Amino acid sequence: MKLNPLVSSLSLYDIAGTPGVAADVSHINSPALMKGFMGDDQLGEALEGSDIVIIPAGVPRKPGMTRDDLFNINAGIVKALCTAIAKHCPNALVNMISNPVNSTVPIAAEVFKKAGTYDEKKLFGVTTLDVVRAKTFYAGKAGVPVTEVNVPVVGGHAGITILPLFSQATPASNSLSQEDIEALTKRTQDGGTEVVEAKAGKGSATLSMAYAGAVFADACLKGLNGVPDIVECSFVQSTVTELPFFASKVRLGKNGVEEVLGLGELNDFEKKGLESLKVELKSSIEKGIKFAHGN
């Protein structure tokens, strides 16, 4: 975000260590003015006046853990941060990266509703890493230039709730068999686990996630600045399916979500995937809502 020319002011916040990271990043020769904030008593000041708040907070996965295993720790952190956002920058776009996104986005929505500041156009679950992975894996297998590839990814942001729509991938490829598509789908769904296992207990996807988070935040900034036709996939409040939240293509603009786009035409494999992901996604959403009301 420090490298993004659309950022004029950048606040870093954490419970520890922020001044050092802020000092380090502040030396990069780009226009964004850097400040570091640390601890509960500086959270309000960190958030004040923000147009976009990016939340990657929480604990990472370790081998054998599911995103749901992180639930209680990360859900509590998200709830506290969203309570502060409602107070200090209620009009900011909120980019939720903290896992499990399928539950943390509904938690944020409930916190904002309770505070009377909820605007469904301004709350995003960042699923861009699923798109980044789908593009990379598809390009590698189809032998097409990765920089030109686009693949919509819909559903949610965990395991089988991640549904890449390879039938809508551009440029289209005739060289992939049904087996290839199924393997690419599974690899996209398991991309996070692939990294967790490769890091062997030393963390989860941070570098590719930082890239994906920066890509999505850049799209949000362009939207706020009135750049037309900015479309990215994101997990948002939605009527695309019967579920209250769902990831699909979203047109971004000056108010955040300008339009939630439909799924387009799905093939039989994707239709089946869509039906099987709904049960798990519904339960994750309900888990988030329940947590927001219960604690």
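Just so it is clear, glycine is given a Cβ too, placed from its N, Cα and C backbone atoms.
Per TrEMBL, the features are:
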- HIS157: active site, proton acceptor (ACT_SITE)
- ASP14, ASN74, ILE97, SER98, ASN99, MET209: NAD(+) binding site (BINDING)
- ARG61, ARG67, ASN99, ARG133: substrate binding site (BINDING)
- 1-125: domain 'Lactate/malate dehydrogenase N-terminal' (DOMAIN)
- 127-291: domain 'Lactate/malate dehydrogenase C-terminal' (DOMAIN)
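Recorded features from TrEMBL, shown on the structure.
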residue : record                       : contacts (Cβ under 8 Å, 6+ apart)
ASP14   : NAD(+) binding site          : VAL21, MET38, ALA57
ARG61   : substrate binding site       : ARG67, ASP69, LEU70, ASN99, GLY192, THR193, VAL196, SER204
ASN74   : NAD(+) binding site          : ALA57, GLY58, VAL59, SER98, ASN99, PRO100, THR104
ILE97   : NAD(+) binding site          : ILE54, ILE55, PRO56, VAL126, MET209, GLY213
ARG133  : substrate binding site       : ARG187, THR188, GLY191, SER208
HIS157  : active site, proton acceptor : ARG67, ASN99, PRO100, VAL101, ASN102, GLY125, VAL126, THR127, ASP130, PHE235, ALA247
**Prompt:** Which residue counts does DSSP give the domain 'Lactate/malate dehydrogenase N-terminal' (1-125) for helix, strand and coil?
**Reply:** 57 helix, 23 strand, 45 coil
**Message:** Restricting to the record's NAD(+)-binding residues (ASP14, ASN74, ILE97, SER98, ASN99, MET209), give me the longest CA-CA distance in Å as a whole number.
**Reply:** 18
**Asked** Counting all other Cβ atoms within 10 Å across every protein chain shown, which of the binding-site residues SER98, ASN99 scores highest?
**Response** ASN99
**Complete:** Span of the recorded substrate site, as the biggest CA-CA distance among ARG61, ARG67, ASN99, ARG133 in Å, is 18
**Request:** For the recorded substrate site, enumerate neighbouring residues of the same chain (Cβ within 8 Å of the Cβ centroid of ARG61, ARG67, ASN99, ARG133, site residues themselves excluded), in sequence order.
**Result:** PRO100, HIS157, ALA158, GLY192, THR193, VAL196, SER204, ALA205
